[in-house]
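Worksheet for the structure shown next.
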């Protein structure tokens, strides 16, 4: 280990508060450390191979919420012999209010098994297996749940000029978050008010949470685009409920 220091199982952070009423009071609390990102291929953990989705899937993208807004994210696929292999792991972020999305604007990440329905982003195609759209100034993701406004779909404002822009997301305005994106197929039916624009996207170093999406580092996002197929199952829940461990 560099300079002779050894890694700690947890870090202790020490804070003082500006203009606090008790200037000599100190606050300390432990911050759990997640394992670092890894692109080494190895056998998937037993808890992953035992997931219900593993029975029928050939590829799985697994999001296990750990605590608060942090998650342990991994990508798995079956090899030629039918055995599950873990090909990527990375820390990530989920919604500001955790898991259990129920409605538009609740800042929660949905729980369940989904699929990726669309690949897109501000940046050019990084070599995506799925069809990829580089968005432009005309591209919005509709959050307008009025009839005919294609709620929870990508739209071209030129073809839908009556779209409520304030209720929708102008994709190019979300940089670095939407440099690369995959739509997670939550509320594919477009049920009004149930929630829209739930993506896997690049994380923003300034915010350790999302508005309900899943965020991972940009290089890992690029890797995912280069490897996932449309049939990939997206599994999201707490790591505990998934039966997993770090």
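Heads up, the Cβ atoms here are built off N, Cα and C, so glycines get one too.
On a predicted model such as this, the values are computed, not experimentally measured, just so you know.
Some features that TrEMBL has for this protein:
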ACT_SITE  201  active site, proton donor/acceptor
ACT_SITE  213  active site, nucleophile
DOMAIN    62-237  domain 'L,D-TPase catalytic'
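Annotation for the residue listed as 'active site, proton donor/acceptor': spatial neighbours 174, 177, 178, 179, 180, 181, 182, 210, 213, 214, 215, 221, criterion Cβ-Cβ under 8 Å with sequence separation of six or more. Counting every protein chain shown, the number of other Cβ atoms lying within 10 Å of the Cβ of residue 213 (active site, nucleophile) is 26. If you average pLDDT over the domain 'L,D-TPase catalytic' (62-237) in this model, you get 98.
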